[in-house]
Amino acid sequence: MRLMKFSSFARCLRELESTASRKEMVGILAELLKRSSEEEVGKICYLCLGRLAPVYRSVEFNVAEKTMLKVLSFSFGVREDEVRSRYKKLGDLGSVAELLRGEYRGAGRGGDLEVAEVYNELLRIARDSGAGSQERKVHSLAALLRKLSPLGVRYCARIPLGQLRLGFSDVTLIEALAVMVGGGKEEVKFIRQKFNIRPDVGEIVRVIKLHGLEGLKEVGVEIGTPILPALAERMPTMEKIVEKLGEFAVEPKMDGIRLQIHLNKAVNGQPLVDSLESQRELFNEQGSKKESPGALVCIFSRRLDDVTDMFPDVVAAVQKLPVDSAIMDGEAIAYNPDTEEFLPFQETMKRKRKYNVAQKAAELPLKVFLFDLLFLNGKSLLETAFGERRRLLEKLVLDGNLLMAARHTKVNSARKLKKLFDLYISEGLEGVMCKRLDSPYQAGARNFNWVKYKRSAEGVGLPDTVDGLVMGYYAGRGQRAKFGVGAFLAGVFNPQKDRFETIAKVGTGLTDDQWREFSRRVGPLEVKAKPAEYCVAKELECDAWLRPGLVVEIDADEVTCSPVHTAARGLNIVRTGAENGAGLSLRFPRLVRFRDKLPEEATTVEEIMEMYRMQQT
DNA sequence: CCTGACTGCCC
DNA sequence: ATTCTGC
DNA sequence: GCAGAATGGGCAGTCAGG
């Protein structure tokens, strides 16, 4: 079979981009996969998804928006501010690149590259690092783009940004795999199950091409290969949760970092699995061995990043577990051993690091609350009911110091649920997780087997919503480009200084109609320069500034200390662990509605401080 | 050797 | 993370 | 109800440049 040309691939992507129906997309994708040969089909899958490798071995490009502007400028000899202004208007670097390529009259059209050649070059560029690498990346990407057709450039330029914006992702691609082999719903389900335990579409399609669906049967849960984590849905009220779940258990929801922990002990001095290391070699990584005598531990984040090196304390504790092999799901959170209090998410995040790991581990000891067991002593438990998985989890002898089982209470009424919810909130936790006792571990799925109910679900996350002044806005990308807005900057009023200080950017909560309304309302307020009474960090510089006029109601989950937002900065606040000069901001801000209020009637910095104090207790 | 812009990944 | 939209 | 695509705050790491 001939290798596919990139131009041909690009035409297929254009067809996909202009297709809205998922059914049709599946058909087009199936045809594309059928047309590609074994050697290239994996690469084609990754490229389709805007990647170069499966998520769990993600290749960091270290090239994104800003660098791509430079690439386009350099590649097609257009001033950078010209590229930037086109980008602001179109909201998509692929479209900008395509136009510039079309207008480009310079030499440099090489022959028609194959998809695999483009892939290989992108991978080479991504892997470049160290001194001078940024410049080399810009030059290499620019040279690559010049070798492609305008349509090829459109998609090639989007790949380093990690998304092709074609309207499909992993799941749709899997459906296409099933269709490729002439399968139906059953086959989709089968392939998806395999994908959940081997989240690598490229690998799965290679297996199917070589050995058919039969070959996929060999794929099982493997220590060292992450399983897609199960995710929780949300519901508006506790009554609805009880109604929906029937018999379920309640666990506290901790505000930490999700960890999937794999353990494999040696049998007769032989590690049961060596795939982790061999797979790393395949991708030329310098993965250091983490085996202490006989026990391999690896830890994955929610997005399947290998974070083993960041948690040596967890590794040590897990190695002591009296089992041959296991995969556990849990949440890690930093705590203060003197007060026994859990620390805010921002503190836990400091444990996610590459350097000074041991020092930080001592400063910020962790608790890991295990809440699920997916694999034990060589056997997958994914199909085992949650109640039984939980029973097995409790039989593991956890050390009770770092490793603990999450508290777990069977519940069948809204009254009991409410009681537990109140208890956990009083302990300063985020809320509760409600889990069906009879459900399997639904890897990769966000569904109603698990339902989260957070503090913020109680109508509002904060003691009250915030009325913020809209100070300016930012150009939208992708589908937001047509509104001319993608997000806006909101501020609160400081009456002492008679000025507005920023508290959040807001980019969600508006319907398409509200975005249009936003544009209408904001038009008459536009001014050329930032008003003098606005106190804004330079990182938050808006694309368009507005004089005071529009006030909006904003909800959020929490008020947090901020290194960039200026709200209440300089006021004497008692803050744990925050440096002087920090302001306040909102966590997960979203618009509730437009208000008809005067700018001076916006929430004041004192009121924000009061909200901040209230949540501390 | 330090700082700031940028990137990627946690939520 | 939250939220909205099209299928 | 699912899949996908917009968007948030904030942390650490990388690299360029003073």
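Cβ coordinates come from backbone N, Cα and C, glycine included.
Annotation comment: TrEMBL describes A:GLU251, A:ARG258, A:ARG302, A:GLU331, A:PHE371, A:ARG446, A:LYS452 as ATP binding site. In sequence order, A:PHE371, A:ALA406, A:ARG407, A:HIS408, A:THR409, A:VAL432, A:MET433, A:LYS435 are the residues of the chain that are 6 or more apart from A:GLU251 (ATP binding site) and have a CB within less than 8 Å of its CB.
In this structure, A:LYS253 (active site, N6-AMP-lysine intermediate) is part of a beta strand by DSSP. If you take the C-beta of A:LYS253 (active site, N6-AMP-lysine intermediate) and look for same-chain residues 6 or more apart in sequence within under 8 angstroms, you find A:TYR424, A:LEU429, A:GLU430, A:GLY431, A:VAL432, A:MET433, A:LYS452, A:TYR453, A:LYS454. What TrEMBL lists as active site, N6-AMP-lysine intermediate is A:LYS253.
The annotation domain 'ATP-dependent DNA ligase family profile' is assigned in TrEMBL to A:359-481. Remark: secondary structure over the domain 'ATP-dependent DNA ligase family profile' (A:359-481) totals 35 helix, 43 strand, 45 coil, with classes taken from DSSP.
Set side by side, the binding-site residues A:ARG258, A:ARG446 differ in how many other CB atoms lie within 10 angstroms of their CB, and the most is found at A:ARG258. Under the three-state DSSP scheme, A:GLU331 (ATP binding site) falls in the strand class. The Cβ neighbour count for A:LYS452 (ATP binding site), using a 10 Å radius and every protein chain shown, is 18.
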